[in-house]
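Residues annotated as C-linked glycosylation site in Swiss-Prot: W29, W32, W90, W568, W571, W574. Annotation comment: Swiss-Prot describes T38, T392 as O-linked glycosylation site, evidence class similarity to another entry. Marked as disulfide bond by Swiss-Prot on the basis of similarity to another entry: C39-C78, C82-C117, C96-C133, C140-C151, C146-C164, C499-C623, C521-C570, C543-C552, C644-C686, C672-C699, C704-C746, C882-C932 (among others). Look at Swiss-Prot and you will find 81-134 tagged as domain 'TSP type-1 2'. Taken from Swiss-Prot, the feature transmembrane segment covers 278-290, 402-415, and the record attributes it to similarity to another entry. As annotated by Swiss-Prot, N-linked glycosylation site applies to N324, N855. The region 'C5b-binding domain' feature in Swiss-Prot is assigned to 642-934. What Swiss-Prot lists as region 'CCP 2' is 689-765.
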Amino acid sequence: MARCSVLYFILLSALINKGQACFCDHYPWTQWTSCSKTCNSGTQSRHRQIVVDKYYQENFCEQICSKQETRECNWQRCPINCLLGDFGPWSDCDPCVEKQSKVRSVLRPSQFGGQPCTEPLVAFQPCIPSKLCKIEEADCKNKFRCDSGRCIARKLECNGENDCGDNSDERDCGRTKAVCTRKYDPIPSVQLMGSGFHFLAGEPRGEVLDNSFTGGICKTVKSSRTSNPYRVPANLENVGFEVQTAEDDLKTDFYKDLTSLGHNENQQGSFSSQGGSSFSVPIFYSSKRSENINHNSAFKQAIQASHKKDSSFIRIHKVMKVLNFTTKAKDLHLSDIFLKALNHLPLEYNSALYSRIFDDFGTHYFTSGSLGGVYDLLYQFSSEELKNSGLTEEEAKHCVRIETKKRVLFAKKTKVEHRCTTNKLSEKHEGSFIEGAEKSISLIRGGRSEYAAALAWEKGSSGLEEKTFSEWLESVKENPAVIDFELAPIVDLVRNIPCAVTKRNNLRKAFQEYAAKFDPCQCAPCPNNGRPTLSGTECLCVCQSGTYGENCERRSPDYKSNAVDGHWGCWSSWSTCDATYKRSRTRECNNPAPQRGGKHCEGEKRQEEDCTFSIMENNGQPCINDDEEMKEIDLPEIEADSGCPQPIPPENGFIRNEKKLYSVGEDVEILCLTGFETVGYQYFRCLPDGTWRQGDVECQRTECIKPVVQEVLTITPFQRLYRIGESIELTCPKGFVVAGPSRYTCQGNSWTPPISNSLTCEKDTLIKLKGHCQPGQKQSGSECICMYPEEDCSHYSEDLCVFDTDSNDYFTSPACKFLAEKCLNNQQLHFLHIGSCQDGRQLEWGLERARFSSNSTKKESCGYDTCYDWEKCSASTSKCVCLLPPQCFKGGNQLYCVKMGSSTSEKTLNICEVGAIRCANRKMEILHPGKCLA
């Protein structure tokens with residue numbers, strides 16, 4: 001039949017070649033049907049309006065013309081609208097700020113063109129407090145107190161300089177003594193060095209350091225551009241002026257897509273210790289180290305440009321420095337506005353009020369850096385045109401660099417190489433490689449805005465004037481930006497203010513919650529392995545190379561991959577503080593999970609940190625100052641004429657009626673923490689000589705703490721504490737097995753056997769080998785054959801206690817090896833129990849049962865075991881369960897004469913009844929096989 005079909009099509013082809021071919025457009029198409037979906041890729045079809053006429057039949061139209069066509073439509077993703085939760089209740093009225101707040105969260109960011117959220121997330125209102133404010137004024141001791149509450153050195157009074165910031169140190173001065181012999185100007189733009197920096201948004205924020213404060217020291221620095229020195233502020237360790245304009249420091253970088261440009265795993269260290277989140281922000285490199293830019297502007301613009309077509313990017317950048325600076329490591333002078341904001345923070349933790357610090361002043365401050373400017377452009381090229389140009393990535397970078405030196409820097413002796421003007425891309429644009437770009441995104445920083453704007457490249461523009469770059473460079477000296485900087489957390493600045501320790505702890509807690517709002521774990525997965533990034537309350541998709549479209553849903557012809565890389569879901573809430581003073585949180589690689597060979601998520605699944613819990617009544621946050629950050633037991637001991645100081649409780653114990661001094665004859669009671677119990681006499685008595693009469697007492701653990709295991713493992717039963725003797729079972733997802741023991745028992749104060757932290761799941765190769773075969777067998781084609789212990793049992797399998805009737809000995813064997821040897825007709829091996837062999841009743845009965853089994857007429861396979869006449873196989877547990885004697889069959893050939901308990905009378909029982917009685921551990925003596933003679 002197939003041969004006839006081939007001959008038919010050969011004949012048809014010959015006829016068509018002679019001119020007898022159907023002109024299919026003679027039969028028009030219908031209109032396309034409406035799309036089957038409004039979004040998320042639907043289909044639509046159309047049909048050819050066929051009329052079976054003479055022309056149709058004579059010209060083979062039936063065989064030549066397609067009758068139906070289908071095409072994809074509405075391939076854009078369905079929009080996801082931003083969704084806000086309801087406001088929670090009003091917080092308690094804070095007595096220090098006389099405000100209360102209520103907050104709501106973003107339940108779902110907008111994505112794929114959905115409606116954004118524009119309503120506020122926090123609401124405040126004034127209130128009348130019912131409690132007193134516990135914040136006390138800072139103790140200035142021997143320093144001068146400003147009207148603002150700030151403490152400054154006494155030597156700064158009446159020196160003619162506004163050191164307090166409110167001029168209160170210069171009030172009522174009879175005579176002033178100047179610090180410097182003449183007046184010096186401040187360093188230009190010195191206030192920029194004291195700005196806060198929002199690491200998560202990549203932009204400077206409000207002033208946190210007062211760099212107008214000189215600290216009563218006349219330290220100056222001189223610039224080569226001016227004859228007059230500048231006054232150095234007290235917050236700066238050193239300052240050095242320089243101007244760098246070398247032509248050879250013009251650098252270029254090539255990016256196949258924006259994922260590598262906006263994501264750098266190695267650049268998250270500045271805040272990873274505060275939350276360990278997986279998110280990152282767009283990072284751009286300068287000459288010294290990586291820096292962030294505002295991902296709500298330039299990076300967002302780059303993402304939107306990449307959606308138009310499959311794109312590659314070439315970035316060219318040059319750093320010009322005016323000066324370098326280093327901030328002092330300690331004793332920094334805060335700005336008045338930042339100090340006022342810190343002083344107005346409540347003592348009780350309030351997420352909304354504490355988070356405003358990061359909104360207003362950023363998350364970090366500059367510890368070192370440079371002032372200057374950065375010439376920085378990101379050129380977008382069509383990936384297809386770059387590929388067709390015939391240039392390599394390195395050659396394309398070189399052409400952009402050479403052309404920039406000639407057209408922007410107007411560098412003399414710059415020779416444009418032949419390959420940069422004669423490739424297929426440059427030839428379309430009169431020899432210009434840069435003109436072949438789709439557009440450019442300006443990342444220029446520093447200098448006057450009109451000069452910076454003039455440096456930006458636009459497609460089809462006539463080019464720059466020769467003075468444009470030099471004018472911008474000159475303006476950088478007067479209008480610099482902070483570049484090439486190092487950062488430290490802004491929380492470190494919260495010192496020497498009232499309740500500094502309490503407020504630092506609250507700010508650290510607020511930062512964890514605040515940083516989570518920037519985590520793209522809240523976004524839905526992007527098509528074609530795109531990487532989601534969160535911009536405010538909107539999720540954007542950063543496309544992989546070879547993909548494009550508003551949400552990366554379109555593919556270039558050569559993009560064939562179907563792999564889906566895994567991305568982290570959001571962190572769970574922190575667990576409660578357990579008896580080991582630890583708490584933990586977890587996350588899953590399921591947004592999405594890796595599929596079809598995609599990469600697994602990088603980073604940790606579980607985080608653990610120290611924590612504390614109180615056994616006393618919670619009376620609110622205490623006001624702890626920097627000089628009070630010590631425990632009560634560190635305070636000086638109270639001297640008294642009589643009585644006893646507080647005794648030392650045993651480890652994991654505490655004193656019920658705790659105080660510093662006890663009267664003679666007074667008793668104290670020792671209690672133990674949860675999970676421990678007192679062993680011994682738990683009362684101490686104060687003696688007249690100031691010592692304690694006490695017996696031996698200790699706190700012994702009565703429970704085991706839930707073990708820490710890999711997230712892929714499931715603990716059953718799942719609870720925080722387990723009593724002595726309780727067991728847990730570790731299981732894995734379907735298709736995987738525990739790579740070690742799966743059952744553990746709480747014994748004493750630890751788990752037996754010990755649970756390894758590295759214990760995880762592995763692919764269940766035994767199931768794959770086994771196929772549809774019985775235990776101990778493997779699939780070989782369509783047949784089942786016995787496994788070979790040496791070849792097929794190299795992986796982990798649980799331990800079994802096994803009895804060998806040949807050697808009359810028992811030993812521990814891996815389950816796989818035991819089943820394989822049983823399959824190979826090794827009948828002398830008998831299963832005793834799961835787990836390693838241990839002396840006891842279970843082992844005694846197992847040995848007796850194995851010896852007695854040779855006389856059984858029934859041998860039913862059941863899991864690892866074989867059930868005999870006195871047993872049945874449990875379908876739910878795959879274990880042999882002993883029958884009760886009345887459940888045994890009557891009669892039979894296997895009979896025994898026995899004597900029960902202390903009775904002297906003899907009785908004839910069959911093998912089932914004898915086995916059932918011995919299994920129940922009842923006393924019985926077997927006199928001889930066969931019926932009793934009497």
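Just so you know, the numbers here start at 1 and follow the chain as drawn.
Glycine is treated like the rest: Cβ placed from N, Cα and C.
Swiss-Prot feature annotations superimposed on the structure.
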residue: T38; record: O-linked glycosylation site; DSSP class: coil
residue: C82; record: disulfide bond; DSSP class: coil
residue: C117; record: disulfide bond; DSSP class: coil
residue: C151; record: disulfide bond; DSSP class: strand
residue: N324; record: N-linked glycosylation site; DSSP class: strand
residue: C499; record: disulfide bond; DSSP class: coil
residue: W571; record: C-linked glycosylation site; DSSP class: coil
residue: C746; record: disulfide bond; DSSP class: strand
residue: N855; record: N-linked glycosylation site; DSSP class: helix
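Listed in sequence order, H307, C526, P527, N528, N529, G530, C541, V542, C543, Q544 are the same-chain residues six or more apart from C552 (disulfide bond) with CB atoms under 8 A from its CB.
It is W32, among the glycosylation sites W32, W568, whose Cβ has the fewest other Cβ atoms within 10 Å in the structure shown. Close to W568 (C-linked glycosylation site), meaning Cα to Cα within 10 A, are the following recorded positions out of C39, C164, C521, N855: C521. Put simply, C746 (disulfide bond) is 17 Å from C699 (disulfide bond) when counted between their Cα atoms. According to DSSP, C521 (disulfide bond) sits within a helical segment. On a Cα basis, C151 (disulfide bond) lies 46 Å away from C686 (disulfide bond). Summary for the disulfide-bonded residues C82, C164, C570: the Cβ-based neighbour count within 10 Å is maximal at C164.
For the glycosylation sites W29, W90, W571, W574, the ranking by surrounding Cβ atoms (within 10 Å, all protein chains) places W571 first. On a Cα basis, C78 (disulfide bond) lies 8 Å away from T38 (O-linked glycosylation site).
For the region 'CCP 2' (689-765), the model gives a mean pLDDT of 82. For the pair W32 (C-linked glycosylation site) and C140 (disulfide bond), the C-alpha distance works out to 82 angstrom.
Cα of C644 (disulfide bond) to Cα of C882 (disulfide bond): a distance of 64 Å. All protein chains shown were included, and the count of other CB atoms within 10 Å of the CB of N324 (N-linked glycosylation site) stands at 16. Put simply, C521 (disulfide bond) is 42 Å from C672 (disulfide bond) when counted between their Cα atoms. Taking C146, N324, W574, N855 as the recorded positions under consideration, the smallest Cα distance to C521 (disulfide bond) is found for W574. Spacing of W90 (C-linked glycosylation site) relative to N324 (N-linked glycosylation site) is 48 Å (Cα to Cα, whole number).
Comparing Cα positions, T392 (O-linked glycosylation site) lies closest to N324 out of the recorded positions C117, C133, C151, N324. W574 (C-linked glycosylation site) and C704 (disulfide bond) are 21 Å apart (CA-CA, integer value). Cβ environment of C39 (disulfide bond): N74, Q76, R77, C78, P79 lie under 8 Å away, each six or more residues apart in the same chain.
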